[in-house]
Every structure is written in structure tokens, then in C-alpha cells.
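In what follows, a single structure is set out as C-alpha cells and then discussed.
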């Protein structure tokens, strides 16, 4: 039997999709294109309305295929099911099976029954799955880099966010289990692991006082040889002081942090139910650069939050002009059904939200152009990704200061190297987000 899988949403969702791939592979299924497949699956995102709309469009595209080939089966998985199961069941009768976020590890059993015509519920909603190293998983990223999801769920209660109600409470994997998975990845040739969670700094909060992110990192440093360890999605917290010290002392933890701060105005942050203020953010950025002057910092901002004034919005631009963060994403606020902020007064007009978003992105583009110039004339370690997406005449890769999929890249215009190598590159030019350089040496 053959299947086709579409994966939507974030890296954490992609790990779930890789579990689906691994489970179906082990059950004897073969992956193919949507026309040749007996089974059509889509792992959905339901975090924000644009993601919901994208997921529905993908499902309807599969429904169109099934209209021409009614023998095909459609399975919808993930966050959209978790959030809107009743509405989906009513509005999409063409879908044969709906599976919530916690059902990915049992997908082979569910689709086996579906294909065999055995009786089972049309909507399957298991509770509180936790990834382990023993769960089958087929890596879909290039062989030299992988995502490692160290928690499920979230205990933070941001007023605009539905993740806790979709993904459930925080559940942390054991240190030994994460270590086992990373050791297997290194043995298969992985050069870079990116630790991911809704909030990495919350790792271990449910496991007792002796387990936290620092403990995990020290074990990974001591018991694996992975060259690059990247940390994505952290909260400003008390843990960060010690984390910065550990990063500064261990070059295998790349000098890069992704901390989605969302805003800098104290009143807006309070309304968002974020547990820090502008002074905390400024202190963290200054501390990070005191420990590691070359650290790259990424963040995201949410503009147009209910009640946000033009003056409060302008504080973000002031913050960026002074602190000059390396990588910035900006998103317009959208009301999410069931989130507390849905009912907040003084909702901001969509046109104003889009304008604020565009202006902030334009500012960051100007700042980024200047920030990138500091790399020109330096030699940087670059993880080679392969032939450039822009032209077959160039190779491309990333420095430790660039995360996959979201940041810029290094275009390699001189020298012969292969994907998966970490090489020394002399940076000769910079662009708005990208760098250009040639090979100096290969590790």
C-alpha cells in the first residue's frame, strides 16, 4: 500500500510528521505522490487563523482528488483536529478519519483498520502522547541536521495563545531518552541538532528539581559528539544567566538564541500575560552580549494586539534601533477563538495591524543590512547545505548565526565541498540577510 503525507506548520509539527513516516514505513507502507497513493494524509496546524485556512485549503485539495478517485482514503491529523473536531466532522464528510495530535505514534494501527474496513471511531483523540527515542521516526530534513523535540505541551498561559488547550500540559522527556535519540542521530551523520519545545526553559519543570535545560545540555556535551547544538524557542527566565555562561564556555552550543518576546511595552506585555517587562528584556540582551559579543539573537513580535496604541507600537522600533537584534519576525495579531484576548476591548483595525507589521519589517530590513556587514572579512564555520536554491552555480550553507528555514544563508562561490561538511568560509560580501564567501579549509 502507498501513502502521501503533507506536513504543515512548525518544526514541532514536522517531528510529529516524521513519527507518522516512521510508523507507516515500519508497517510496510510506501511513500509516493498524491496521485499514486492509496492513502492521503495531512498533518495540520491550527495555531492561528492563517494556518487554519491553509490547512482547510490542503484538505479540500485532497477532497478534490478523492472526487475523481473515490477509492482513496483521506486522513486528517494534528492541531486542527484537536481544536475543531466537531466542526470538521460535520463539514468534511469526505474525510475518512480524523486523528488528534496525540495519536501520531499509533497511526499505523488506525489506518490499518481503515483500509481493512474494521470498525473504529471516525474521530480518534488519544491523550498526552510523549515522544521517546523508541518511537519510529523517519527524518525528513537533510541527513546532517535534525530537530529534537524535548517536551510536549505548554503550561504558559499567554492570553492570545491556544497551544495549552491544543497540545495539553507540559510533559518533558527524560534526559536519558533525549540523549539516546541524539546519540543515534550522531551515528547516522547528523552535524547539527536543534532542540525545540514551546518553551525550552520550561524543560524539566514537571520532572523535579534535579532536571532542567542546563542538566540536559551538559549531558549532551559530555556524552555525544554532535558538533552544533542549537536552542530554539526560549522564554526570558532566571535560568538564562547560567545558560549564557554554559554557552560562552562551550563552542558546540552555537552562539544563537531564539526568544520570541512578542512586545516590549510593559502594559501590552501584561495584557499578553507575558511574565517579564521591557527592562528584563533589555537586561537579557545586554547580558547575552556581555557573555558572547558575537551572539546572534532572533525574536518575533506580535503587533496590533488589542489596545496597542501607536506610541506603544513605536517602542518596538526604538528597542530594535538600540539593541539591533540579528533576526526578527513580525506578525499581525489575529483573534483566536477561545483565547482570552478574543474578548479584549479596543481591537485594532486590520489595516492598522498590516501597516504596523510592514513598517517594522522595513525597519528590520534596514538594520539587518548593516548588521550583516560585520561578517565581511571574517572566517566563519559554515555547515554546507548543498547546491543553492538560487542557482546551480553556487553552493550554500549556514553559519552558527543562521538557523535553518528562517534566517539567511551563506552563498559559497569558490571551492569544492559537499553537503554535511563544516568548512571555513572567508566572507567577502553581505546582503540584506545573506552572506557570500569562498572556502578556506574543510574540517
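Even glycines carry a Cβ here, placed using N, Cα and C.
Copied over from Swiss-Prot:
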- 10, 45, 79: [4Fe-4S] cluster 1 binding site (BINDING)
- 154, 158, 161: [4Fe-4S] cluster 2 binding site (BINDING)
- 1-116: domain 'MTTase N-terminal' (DOMAIN)
- 140-370: domain 'Radical SAM core' (DOMAIN)
- 373-441: domain 'TRAM' (DOMAIN)
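Ranking the binding-site residues 154, 158, 161 by the distance of their Cα atoms from the Cα of residue 45 ([4Fe-4S] cluster 1 binding site) places 161 first. Residue 154 ([4Fe-4S] cluster 2 binding site) falls outside any helix or strand according to DSSP and counts as coil. Between the C-alpha atoms of residue 79 ([4Fe-4S] cluster 1 binding site) and residue 154 ([4Fe-4S] cluster 2 binding site), the distance comes to 14 Å. For the binding-site residues 45, 79, 158, 161, the greatest number of Cβ atoms within 10 Å around a candidate Cβ is found at 79. For residue 10 ([4Fe-4S] cluster 1 binding site), the count of additional Cβ atoms within 10 Å of its Cβ stands at 18 [all protein chains shown]. In the three-state DSSP reading, residue 79 ([4Fe-4S] cluster 1 binding site) counts as helix. Taking a C-beta cut-off of under 8 Å and a sequence gap of six or more, residue 154 ([4Fe-4S] cluster 2 binding site) has these contacts in its own chain: 163, 164, 167, 169, 170, 198, 199, 202.
Across the structure, residue 10 ([4Fe-4S] cluster 1 binding site) and residue 161 ([4Fe-4S] cluster 2 binding site) are spaced 15 Å apart at their Cα atoms. Take the mean position of the Cβ atoms of 10, 45, 79, the recorded [4Fe-4S] cluster 1 site; other residues of that chain with a Cβ within 8 Å of it are 8, 9, 12, 13, 44, 46, 47, 51, 78. Across the domain 'MTTase N-terminal' (1-116), DSSP classifies residues as 65 helix, 23 strand, 28 coil. This prediction places the mean pLDDT of the domain 'Radical SAM core' (140-370) at 95.
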